[in-house]
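Structure record follows, encoded as structure tokens.
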Amino acid sequence: MSYFRNRDIDIERNSMNRSVQERKCRYSIRKLSVGAVSMIVGAVVFGTSPVLAQEGASEQPLANETQLSGESSTLTDTEKSQPSSETELSGNKQEQERKDKQEEKIPRDYYARDLENVETVIEKEDVETNASNGQRVDLSSELDKLKKLENATVHMEFKPDAKAPAFYNLFSVSSATKKDEYFTMAVYNNTATLEGRGSDGKQFYNNYNDAPLKVKPGQWNSVTFTVEKPTAELPKGRVRLYVNGVLSRTSLRSGNFIKDMPDVTHVQIGATKRANNTVWGSNLQIRNLTVYNRALTPEEVQKRSQLFKRSDLEKKLPEGAALTEKTDIFESGRNGKPNKDGIKSYRIPALLKTDKGTLIAGADERRLHSSDWGDIGMVIRRSEDNGKTWGDRVTITNLRDNPKASDPSIGSPVNIDMVLVQDPETKRIFSIYDMFPEGKGIFGMSSQKEEAYKKIDGKTYQILYREGEKGAYTIRENGTVYTPDGKATDYRVVVDPVKPAYSDKGDLYKGNQLLGNIYFTTNKTSPFRIAKDSYLWMSYSDDDGKTWSAPQDITPMVKADWMKFLGVGPGTGIVLRNGPHKGRILIPVYTTNNVSHLNGSQSSRIIYSDDHGKTWHAGEAVNDNRQVDGQKIHSSTMNNRRAQNTESTVVQLNNGDVKLFMRGLTGDLQVATSKDGGVTWEKDIKRYPQVKDVYVQMSAIHTMHEGKEYIILSNAGGPKRENGMVHLARVEENGELTWLKHNPIQKGEFAYNSLQELGNGEYGILYEHTEKGQNAYTLSFRKFNWDFLSKDLISPTEAKVKRTREMGKGVIGLEFDSEVLVNKAPTLQLANGKTARFMTQYDTKTLLFTVDSEDMGQKVTGLAEGAIESMHNLPVSVAGTKLSNGMNGSEAAVHEVPEYTGPLGTSGEEPAPTVEKPEYTGPLGTSGEEPAPTVEKPEYTGPLGTAGEEAAPTVEKPEFTGGVNGTEPAVHEIAEYKGSDSLVTLTTKEDYTYKAPLAQQALPETGNKESDLLASLGLTAFFLGLFTLGKKREQ
């Protein structure tokens, strides 16, 4: 019998008034028998929304456990006085309603807990370790449950003191007789760590004391441990440790857990009993401890920990500072589909201001995908009004596709990575870029070196290879093909192309018959092809970028025989403005050798021209004859992963020095100095730890302000390719750099970029960014001024409501301007004396409340009860918030929850939101066979305060005696892969950093993510979840 049929019978028999019925609709979730849709219909029919109370601890306190004074109170609607009409209910019905309401309570973090096919073994909420309980919460009565687990997850949400001990335990199992038999999840020097030891005292797992991810002292954190028993795929089992939802380290050494510790007797939070000693105590606030009966996946851990993900606080501009809104100059497609012009992706920005004041924005136009191969055109757009408006795209070159390619996704010769520069004397603008024959570019080069050029009678000619022959044919004057013995043939190569985008360059003719193209490599109809090598091409413009010359091959001028790869450091080159080499054009490039290629030989250098671009020369590499770890290296022979430097950006100081800012693998900024215009380099590379390098291209320019000399540098602030930063350095008299400011310029994804000075104290930046489903990447442009660079941004002093949004009938979302967390359910006090009650937390910034329809439009005066905490420890303010749609109640709603008529799941026609996997990409860890640096941890011997009547816990860090995890390879990005799979990694299964997807419901991009997706999901899924949770509790 359906819920609503029962409801009608009750109305007829008892003549209950509407208020009683509304309460039944609110609280009788467990009585639903026809599913969530019935409940939704009921809410619509009766004009009500279920009121959801704050969940208390999911288990009753242990019988032998002292109730702690620090426990948070549980706030429910039972605390309100009841209407007089409800006194007519019988005692049985009152008792039943009380039970119903108790079962209906849902977690304050319902969305984070909504996991499938998993059972809770132990759960403890809202406790503390402090002086009153000896810094320890005893859970020993749960030991038998733990011993039965073969696969498990231990998830803990906690807040340590800002000045916590060097080492403290979170959750542990230990023995009353054997001090070295235990399991502990702990924190060591703010690093989340882990240890398990058997009855013989031997370690189960690898070393976690130098794992990369740290907890935030004095703030809320989550640490999650998973263990999996041995299987065919995991012969020894696996353990993983996560911090705030992100995987910190994996160990495949053992899948042992509590069942493998026969003598353990104690289970505890905080101070740990090890035989006769109590150790590792600290003051902790524990929001939640949950043990599950299986290992959660990385995706599930991210979801369970979603409320603990936080970003840096958004700062405001100081007086006088200007940062324009971004303008998308080259806009990609969305959701994997091409844009209106058939282009899926744009990459590799290059920005140049010409002598006429025109801005030229250059890019890779990647038609099929964002990878570093396939159909890529070199394109530009021009602005003659300082970036306000932009002209149509102009294609410098785009070689034609192979119509019979074996793989169409890579079936084109490749042009990639552009550098723009203008000669101030001739006014000629140069575009220099890489070229590869059909294939995967730098990732598809031949393992065996093929000669690309042959010198004959003092002239250099390009070599052609003919199928089935070993001799070297050559392309000579007018494109005529010559045999290996120097005889002209009937074959002719197009060397002076005339078709649009010069797409016919490389076409091969026999007489007037087109046979194919010498740049094709698969299923080719041409009998010839060029060497599978890398090349450097140049185009130029003599009319301010409006039209461009056909590509010219400058490779033989600058590429030595030993170089496997030679490519540009994309962005903008410079012309030396003073010194003995004044007028010299400098273009950043980097090379690899045939010994170690991308794994150990990438080296930055300069190519230069002293005759206005007619001829080009290669300078020495920064790595040539440099001392590294006591050994002299050279770019032609080196095999040293850590010593590599790759794409770079170049500036000249007023004293004539040339500074090369290089992308590298040290995690910080590396700068080389040349005293001779970029031909040779000082042997010491200066490192600046104030500027992070997350192994991505950067851009730098030289500028003057009020007679003083400065460098402006822009790059991704990390932890991966995200959070664009502009850095300001003062140039000292000796040429050294003093870094003054580091200001954020773009939140979210941020990769390659290019800077230019625009004049009048204004600067421009063209950069890679994506949002709102854009493919990687869209190239966006912004302008900023000197005050933005040189002044500190203003930090927020409180967390406040940014906007409110009506999510459905009787439900409103409050979105804050920074991350918040609910521990004690807040009730909003309204100006009319009524209240709005807390439902649950939707994401890191959004809280859901129920409000009566007649109270919509009311202002919030404060909290009637409960609390909202800032994840950044700021005061939280709700006063003045208006309960209506829009920016803090002042802006009309853009989205409203539609009536749900489709199947359960996502609403409307929108696809489920795409989730992105976060990852840790910091400096720890290595690739290949090289061990990660071993970090030795000194034993802590300092004092600890006494807790209560118990002696102060002894600080004893877990002793690690097994194989150091530092000897195991971890993820490390080596070669730059600019496509959709943007990281090139060398990994082993033993230790790596997983990219787990964002579990929280993403908010649409408007600087911060807003609550539009709430609307698209609707309350349907929410109420369905509540029903499911209620049924689980009933069962």
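Every residue, even glycine, has its Cβ placed from backbone N, Cα and C.
What Swiss-Prot annotates here:
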type	residues	note
SIGNAL	1-53	signal peptide
REGION	57-112	region 'Disordered'
COMPBIAS	61-92	compositional bias 'Polar residues'
COMPBIAS	94-112	compositional bias 'Basic and acidic residues'
BINDING	ARG347, ARG663	substrate binding site
ACT_SITE	ASP372	active site, proton acceptor
REPEAT	381-392	repeat 'BNR 1'
REPEAT	539-550	repeat 'BNR 2'
REPEAT	607-618	repeat 'BNR 3'
REPEAT	672-683	repeat 'BNR 4'
REGION	902-951	region 'Disordered'
MOTIF	1003-1007	motif 'LPXTG sorting signal'
MOD_RES	THR1006	pentaglycyl murein peptidoglycan amidated threonine
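What Swiss-Prot annotates, mapped onto the structure for a quick look.
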residue: ARG347; record: substrate binding site; DSSP (3 states): strand
residue: ASP372; record: active site, proton acceptor; DSSP (3 states): coil
residue: ARG663; record: substrate binding site; DSSP (3 states): strand
Largest tally of Cβ atoms lying within 10 Å of a Cβ, found at which of the binding-site residues ARG347, ARG663: ARG347
Alpha-carbon spacing, ASP372 (active site, proton acceptor) to ARG347 (substrate binding site), which is rounded to whole Å: 9
Number of other Cβ atoms within 10 Å of the Cβ of the residue listed as 'active site, proton acceptor' across all protein chains: 30
Recorded stretch, among 539-550, 607-618, 672-683, maximising Cβ pairs under 8 Å relative to the repeat 'BNR 1' (381-392): 539-550
Per-residue pLDDT averaged over the repeat 'BNR 4' (672-683), given as an integer: 98
Within the repeat 'BNR 4' (672-683), residues counted as helix, strand or coil by DSSP: 0 helix, 3 strand, 9 coil
Helix, strand and coil totals (DSSP H, G, I; E, B; other) for the repeat 'BNR 3' (607-618): 0 helix, 5 strand, 7 coil
Number of helical, extended and coil residues in the repeat 'BNR 2' (539-550), per DSSP: 0 helix, 3 strand, 9 coil
